[in-house]
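Trainee: OK, Swiss-Prot features for this one:
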BINDING   Gly169, Asp170, Arg171, Gln172, Thr173, Gly174, Lys175, Thr176  ATP binding site
SITE      Ser362  site 'Required for activity'
Amino acid sequence: MKISPSEITKIIEEQLKRSDREIDYFEAGRIIQVGDGIARAYGLKGVMSNELVQFENGEYGLALNLEEDNVGIVVLGDYREIKEGDLVKRTGRIIEVPAGEALLGRVVNPLGIPLDGKGPIEASEHRPVEIKAPGVVMRKPVDTPLQTGIKAIDAMIPIGRGQRELIIGDRQTGKTAIAIDTIINQKDQGVYCIYVAIGQKTAVLARIIDKLEETGAMEYTTIVAATANDPATLAYLAPYAGAAMGEYFMYSGKDALVIYDDLSKHAAAYRELSLLLRRPPGREAYPGDVFYLHSRLLERAARLNEEHGGGSLTALPIIETLANDVSAYIPTNVISITDGQIYLDPNLFYAGNRPAINVGLSVSRVGGSAQIKAMKKIAGSLRLDLAQYRELLAFAQFSTELDKATQAQLIRGEKLTELLKQEQYSPMPVEEQIAVLYAGTRGYLDDLPTDKIRQFEKQLLQTMRQKYADVLKAIREKKDMTEEIEAGLKKAVEDVRQAFVS
């Protein structure tokens with residue numbers, strides 16, 4: 001009996017169809033060295049840069065160094081269970097984090113794993129942590145203000161939605177306080193917030209979470225935490241994970257704010273990883289691509305045009321300086337990447353001027369076009385007045401006789417400095433800021449004792465809320481200083497001043 005080749009093929013095909021054996025095909029390698037959170041593997045020929053790989057014990061790693069004969073992998077979990085000779089396999093994907101409104105009110109690590117004990121997160125989608133920043137044609141100029149609720153910032157260093165504004169200063173000068181106040185002030189503003197804690201003490205982070213819950217700000221906030229006891233890999237990934245979560249809102253046509261606290265520790269974590277991976281060190285032992293580390297992160301903040309949904313992602317990176325040195329490597333890098341900086345001066349802080357913003361060294365390069373017209377008209381001369389006051393103050397120390405104009409300028413500067421002081425966790429709506437600054441810039445406080453200024457401010461706001469609520473409402477809605485609004489403000493300030501003086 002002759003069997004044709006086609007019949008043999010048919011029989012083989014039928015047998016194969018009946019077979020239920022599945023072949024699990026994957027590319028794998030072997031660990032040749034492990035230690036200090038770094039594993040070196042041989043045999044992963046097709047692995048991609050930044051690809052997620054899985055170890056035999058279930059832990060994941062990130063392929064960062066692709067060398068001729070081995071791959072340098074940073075371990076994302078506990079590396080002590082991984083040993084030489086273990087199998088490591090490719091996953092074919094890059095790190096993704098959950099994104100969406102399910103993350104609001106939650107505390108997660110940079111891999112999106114919940115840390116708050118409130119159960120699993122049912123995210124609507126996952127986004128890659130590293131993604132290309134929006135191109136030029138997708139963007140539009142910054143034109144909408146992001147109110148921080150801090151008088152000194154909203155008046156003189158305004159921030160717009162889609163801007164990158166650096167907060168820089170020595171340790172314990174109030175950098176995080178400004179960021180937290182900004183989050184609290186976004187209530188009912190339609191801005192979703194992501195706070196990224198990099199290398200912070202757990203106790204400090206717990207205090208921040210308590211404050212945000214107490215003020216009701218956790219409803220629209222996600223916290224991404226890589227604390228001081230987490231591996232350097234998680235500290236390195238944290239800001240990118242935070243940016244990915246914020247981009248979800250931006251690409252959905254909404255507004256988001258992301259705070260990176262702080263990028264000095266992020267750069268230190270990256271330096272640690274790079275040195276362990278034997279990458280050549282450069283200035284201050286940082287690797288050569290440390291500028292790109294932060295530029296690719298901060299370029300993801302943008303204001304999209306209407307064709308792409310019109311959403312925005314605003315970034316407030318924080319940098320900690322050492323002994324007031326803003327010309328160090330990392331501070332100068334980030335200053336050159338961002339659209340301005342808020343410089344906090346330790347001398348002002350210890351003198352009791354809080355927030356301790358040094359107006360002369362702080363600038364917002366694009367926020368001016370986003371500032372509302374009413375604030376522009378009221379605070380236009382404020383920055384110059386304060387800068388001149390600081391200059392005159394230095395000269396006045398060496399001079400005994402001052403002319404009347406100089407004396408008047410010194411008095412005005414002193415009153416304005418006092419007026420710009422603000423308690424922590426008490427952000428102020430923009431219409432109330434305008435009312436207070438109107439009194440200061442128009443000279444109504446010049447002859448009041450300096451220690452009574454805060455009391456006057458309190459009384460003015462109380463009266464405005466009770467008797468002149470229509471004026472505040474008009475400022476809030478029209479966003480401009482019309483003759484009618486100015487007349488209302490003038491009457492309110494004069495009434496309060498008269499009652500206060502008497």
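Glycine is treated like the rest: Cβ placed from N, Cα and C.
Note that this is a predicted model, so its numbers are computed, not measured.
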Trainee: Given the recorded positions Gln172, Thr173, Thr176, Ser362, and counting only Cβ atoms in the protein chains shown, which has the most within 10 Å of its Cβ?
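Mentor: When each Cβ's neighbours within 10 Å are tallied, Thr173 tops the list.
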Trainee: Can you check which residue among the binding-site residues Arg171, Lys175 has the largest number of Cβ atoms within 10 Å of its own?
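Mentor: Checking each of Arg171, Lys175, the winner is Lys175.
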Trainee: Sort out for me which one of Gly169, Gly174 has the most neighbouring CB atoms within 10 A, since those are the binding-site residues we care about.
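Mentor: Of the binding-site residues Gly169, Gly174, the most buried by Cβ count within 10 Å is Gly169.
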Trainee: Check Arg171 (ATP binding site) against DSSP and tell me helix, strand or coil, would you?
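Mentor: For Arg171 (ATP binding site) - judged by DSSP and reduced to three states - the answer is coil.
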Trainee: In Å, rounded, how far does the Cα of Arg171 (ATP binding site) sit from the Cα of Ser362 (site 'Required for activity')?
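Mentor: Their Cα atoms are separated by 17 Å.
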Trainee: Reported as an integer number of Å, what is the Cα distance between Ser362 (site 'Required for activity') and Gly169 (ATP binding site)?
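Mentor: It is 11 Å, counting Cα to Cα.
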Trainee: If one looks at the chain holding Asp170 (ATP binding site), which residues at least 6 apart in sequence have a CB under 8 angstroms from its CB?
Mentor: Glu320, Thr321, Leu322, Ala323, Asn324, Leu344, Pro346
Trainee: So around the ATP site, Gly169, Asp170, Arg171, Gln172, Thr173, Gly174, Lys175, Thr176 aside, which residues have their CB within 8 A of the centroid of those CB atoms?
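Mentor: So the additional residues around the site are Glu320, Leu344, Pro346, Phe349.
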Trainee: Quick check: in three-state DSSP terms, what is Ser362 (site 'Required for activity')?
Mentor: coil
